[in-house]
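First comes the structure, then the notes that go with it.
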Amino acid sequence: MDYSYDEDLDELCPVCGDKVSGYHYGLLTCESCKGFFKRTVQNNKHYTCTESQSCKIDKTQRKRCPFCRFQKCLTVGMRLEAVRADRMRGGRNKFGPMYKRDRALKQQKKAQIRANGFKLETGPPVGVPPPPPPPPDYMLPHGLHASEPKGLASGPPAGPLGDFGAPALPMAVPSAHGPLAGYLYPAFPGRAIKSEYPEPYASPPQPGPPYGYPEPFSGGPGVPELILQLLQLEPDEDQVRARIVGCLQEPAKGRPDQPAPFSLLCRMADQTFISIVDWARRCMVFKELEVADQMTLLQNCWSELLVFDHIYRQIQHGKEGSILLVTGQEVELTTVAAQAGSLLHSLVLRAQELVLQLHALQLDRQEFVCLKFLILFSLDVKFLNNHSLVKEAQEKANAALLDYTLCHYPHCGDKFQQLLLCLVEVRALSMQAKEYLYHKHLGNEMPRNNLLIEMLQAKQT
């Protein structure tokens, strides 16, 4: 469905620079790019580029290379899922509220620009110190600033690396069990995953859990019991960071050279996902499900959980000119723009827009843990053996989030609905991220034994 926009915003089509005619397929675009995108998707067209897949797309040359034009449509954020498959006029109605929300945010941003000169793509923060000398086994790519997070030493963490000590992820599990088997299955298959660490997770048993968990949260009045329990399940961020850094500092076997920046990012994402799997295994309801249901749920939402983890880290980071990695290092947006390539750069900027939306909504930690729980128990899942238990978990989480927002943010009566709309954008972002990863995989650019690619392949089989 198309939506009008306000003329005073002076928007130009992000694909070709022509005058915008309205909201089309998730974005303000011109009429020409709207029609081109719709025809391409509905007719399942496949284009090729006769040049180097980097043709300039503007108002005068937009018809010259349909391949690069369509890639630019996807890069700037036009959404495949918004195009109707039945060839009827109008997009999918479910995107209407998101368009209206986006329009309101653009109006708000326009007012901010007029009042404060605020822009998303600001330069690096003033006074950022130069990066310190990197540790010997973990070279920092150019453009990364190694900060000193609280509780994280500059060198490798003291003591054994424990469950995440191996730099290369163990993939020696039966393919029939899927890529998560080594991280989910306890010693005896067919049992639900216990909250304790299973035997395959670490060869020598170690005393105590690998992560420190905070003291029970005293939320005071108006904090539902479910949210209190979820807060207690959140791992200590400093210990997670130290464990991931320690893993990255260990050189991979057979690869004495320093890894490329993209390979490092993939390993960071792998280790972050392993910590997310551990969190899921400790969650109420999830640990009561059969292993098959647990794997189905995680295979459905793994990319959304990773994206949402990144988004919340940026909200805590609070700097528009850089992004914060899970290792505590800062990457300037100017570095991303110069070195990351157009697809990854567009992903980062789209994520930054969502960071701004959630920051404007004043997302707090209580809402974050509840939304993460909702993502884990997404009802957009088929072939579950215990669908009723998952449905009950989602209903309880929805009720807890609604009660919390009404109690603590009474001045923003629709905050609950706005937060759920943001989850739609998280899913769209995760879909674009998976397409990017698979594109890199087809180009043989992904590191070996990458868990994320195995997750992608498991989803397709």
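First residue shown is number 1, and so on along the chain.
Any Cβ shown, glycine's included, is placed from N, Cα and C.
Residues or ranges marked as 1,2-diacyl-sn-glycero-3-phosphocholine binding site by Swiss-Prot: Gly341, Tyr436, Lys440. A C-beta separation below 8 Å, combined with a sequence spacing of at least six in one chain, links Tyr436 (1,2-diacyl-sn-glycero-3-phosphocholine binding site) to Leu343, Leu344, Leu347.
The compositional bias 'Pro residues' annotation in Swiss-Prot covers 126-138.
For 222-459, the entry in Swiss-Prot reads domain 'NR LBD'.
Summarising model confidence by region, the region 'Important for dimerization' (230-461) averages a pLDDT of 87. Here Swiss-Prot flags 230-461 as region 'Important for dimerization'.
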**Asked** Among Gly341, Tyr436, Lys440, recorded 1,2-diacyl-sn-glycero-3-phosphocholine binders, what is the largest CA to CA distance in Å?
**Response** 12
**Item:** binding-site residues (Gly341, Lys440), the one with most neighbouring Cβ atoms at 10 Å
**Value:** Lys440
**Request:** Using the recorded 1,2-diacyl-sn-glycero-3-phosphocholine site (Gly341, Tyr436, Lys440) as reference, state which further residues of the same chain have their Cβ within 8 Å of the centre of those residues' Cβ atoms, listed in sequence order.
**Result:** Leu343, Leu344, Leu437, His439, Glu445
